[in-house]
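Record features (Swiss-Prot):
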{"type": "DOMAIN", "residues": "23-326", "note": "domain 'Protein kinase'"}
{"type": "BINDING", "residues": "ILE29, GLY30, LYS31, GLY32, SER33, PHE34, ALA35, GLN36, VAL37, LYS52", "note": "ATP binding site"}
{"type": "REGION", "residues": "336-468", "note": "region 'Disordered'"}
{"type": "COMPBIAS", "residues": "337-350", "note": "compositional bias 'Basic and acidic residues'"}
{"type": "COMPBIAS", "residues": "377-393", "note": "compositional bias 'Low complexity'"}
{"type": "COMPBIAS", "residues": "400-417", "note": "compositional bias 'Polar residues'"}
{"type": "COMPBIAS", "residues": "504-531", "note": "compositional bias 'Polar residues'"}
{"type": "REGION", "residues": "504-563", "note": "region 'Disordered'"}
{"type": "REGION", "residues": "629-897", "note": "region 'ATG13-binding'"}
{"type": "REGION", "residues": "853-874", "note": "region 'Disordered'"}
{"type": "REGION", "residues": "904-930", "note": "region 'Disordered'"}
Amino acid sequence: MTSRQEGASSHGSRRSSRHVGSFIIDREIGKGSFAQVYMGWHKESKAAVAIKSVELERLNKKLKENLYGEIQILKTLRHPHIVALHDCVESSTHINLIMEYCELGDLSLFIKKRDKLITHPATHDMARKYPSAPNSGLHEVVIRHFLKQLSSALEFLRAKNYVHRDVKPQNLLLLPSQAFREERALPIMEASQDSLIPISGLASLPMLKLADFGFARVLPSTSLADTLCGSPLYMAPEILRYERYDAKADLWSVGTVLYEMITGRPPFRARNHVELLRKIEAAEDVIKFPREVSVTPDLKALVRSLLKRSPVERLSFENFFAHHVVTGDILGLVEDDIPKPPKRELETIRQGEALPSSPRVQMARQLSSDPRDTRSSPKSPRSSPRSSTVNSSADAAPRRQSQNAERRLSISSHNSGQGLGIQRPAPPIQSHTAPNHPRAADRSGREPQPSSLRVARQPSDVSLTEEEKAAQDVMFERDYVVVERRHVEVNALADELAANEKLGQNNSSAKSSPLQRRYTQQGSATSTTGAIPTPASRTALVAQGRAGQDRRSSYEKALSASPGSASSAISKAIQDASLRLFGYKVNTMRQKGSSPPLYQPFPAYPTPTSAGLLSDGKGSQVSDEDAKAAQAIEEFATRSDCVYGFAEVKYKQLLPMAPSMDYGLGGVSPDKGTSEEDGLTVDATVALSEEALVLYVKSLTLLARAMDIASLWWSKKTRAESSVVSQTLVQRINAVVQWVRQRFNEVLEKSEVVRLKLTEAQKLLPEDHPSNPAHQGEDSIASSAVGAKQVYLTPGISAEKLMYDRALEMSRAAAIDEVTNENLPGCEISYLTAIRMLEAVLDSDDEATARNISSGKEIAKDATQEGSDLDTEEAAHVRKMITMITGRLNMVRKKQQMIAEANNQAKHVSAMRRLSGDVTPRSVPSYGST
């Protein structure tokens, strides 16, 4: 034991104690984004455990909620193929999860080291009997074995309405076979008597356990979630599209894991989730396997049925659990793994039990069935082979199953976790639900298998380039991506407004129209979520992924419909200021193709006449409220556009080659690096990335404010609180909302690119550098407004300070031009842009302002300044600056008006002279007769 303690990692040696409760911390065996995993030992029994130690200081509020949620979930789960939680010990600085120790590591390492499995004692026999084919993945016997155990764990989770949301090879841990563990003198702490005994698959092969429930949550089969989380390479496309999703997202992840076990690599590889979605959409549900892969067609068909872009077309849980690949015998077994049917088991089979006719009836029945009936069904495709394949000895199989089958299938909480400090709730009535329950033997009609002749094998590049391997390793190290509900709300509201733009027509029948009745079923008017969930939205969700579905508004962004927007006032101001500050202009010319523009200015919409806004005069008060809401939305959009233009200056310096026409959305070519091309030092890259990131986040905040106001306004209108609304005004607001949605998605994608650029550059900084993440505290995380992704910023970096300095520079340069009477139109543009930036500095994320605006209350001049992060003196100074710049702006406009009037007067005089015939030049002498 002393030698084990001396072998502890340096990080462990810095901890105040080597003891955690009744356990001793040993060497470090793994490391994640927020936790270290150590091997540990129970003080008395000397049994091995895994200790997941999480440092509380590195977690923000969202991550702490995930951690405590993981603890609560693991306390209630007891299943042989789910990593069990033994104990939880919390201190002032750490939370230590004492969990089952899985000696062989995770499945991703198992796949990557498949050629060396024969050299490991625990996997030598497996690699000898079932070797991996060259340029391929694992042997099909091993694949089916792991699939059975994974499906067993997922079936148990579905019975409890859990969705894991992060199924990936890194979260599938492996144990040596039971026979190998018994030969070695390394005891492993068991959560229960059967927690280390597999209930499916082969007993001679390693045992798989599902781990890491940090993103898991209760999600009934009829519910939808809207938080984007999981690992990028294994995320379902509906999550990547920021759509609501259900538990079937886990089935996509299962398909990706299966594909990786078959081929040795993920089905889709990308640098970020935006590029990943593009590749998934481009594949169009055509999943190709390399020619070197030698697996049966039914296994390939199962993978293809799981990797369907549309959740509606994807294989259901019922059909997945009943699939013959999951329930049937494993083919190709050799030596002792060949099943030997027990003789005495035929005597205990019941023959009169009726089988369910549909998967739904079957699931409902299993949740309320007796456990004895569950395990003794005569035609269970999974229980029958289990009796002969789980234990290699034919004599031991019937005896072990007759003693432990009911306990295994019930996963009873009564016998698990005793004496380990875990208080577990009493099991519900349906807790005996078997993870592997009987099913009908004949399901050929329900599971049609495509002919293998129809699958055209395409040649594929087997050998991965070094760049692909590096990108794949980077994605393996990237634990997860979390995008909150706001992204779903923005797109949902924009789709709803676009679909119902003609709200203002037929105002007389607005209250009785079908459209109005449909929307009266929404939530309360005081909802603060911003998105209005409607049946129409869910109907649209069902149609996702079908042929003809157009999502260009969300991802392949159409260019602005505003004519001449590339030469708009704000664009010109940003270019002029960039020329003064950095020596070059930001190019705003549009390129052809679907790649989003580098800078798409906010379109200038034609202002409708007052008569159009006031309708027939009867609803003047309501129309005035609507006009105020529209004006507020446009003001927030304009401020956001100013901040976005400033961020684009930083982005252009950071990624001069991106986004290109070929690699839009802020991406770069996979075979071209940027560290050598851009010529920036590491310090400059970090500084530019930090500045661009905080500016993008500020722009997103302003866009979200605009959508909040639009959402509240739309909610009021759809509830018929006001039946008078101008169609012109609805079109005006809808146009702004569509622009905001387009810009929101674009900024979100670019901010992710900048974030990745920042984190990669920070890794290259010296340890003593002030911007090194090791020197950053929690304040620097929160200041980025994206703390869920653990982005560390240098102290002092803020969007408000950058915007204030930029506005000051632009106003000073404009003042010089004003004094010399040079470029007065440019002065006006610069003053306007500076005012908008300073207004954005004063703006805060206060939803009360949005409610006041949408409810028609009078908007104070500085309403958006309440709740600002600035102190009183700073806010007063910024307001004073706005007043001064506004005064200069008025002076410039007066000068322009005077010049315009003088020019018009001169033109008028010239025209009058031409009409009177006085066209003789006065400078030409007249020669008369003398």
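Glycine too: its Cβ is placed from the backbone N, Cα and C atoms.
Remember, predicted model here, so these are calculated numbers, not experimental data.
Positions of Swiss-Prot features highlighted on the structure.
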residue : record           : Cβ within 10 Å
ILE29   : ATP binding site : 17
LYS31   : ATP binding site : 12
ALA35   : ATP binding site : 23
VAL37   : ATP binding site : 18
Could you say whether, by DSSP, ILE29 (ATP binding site) belongs to a helix, a strand or a coil region?
strand
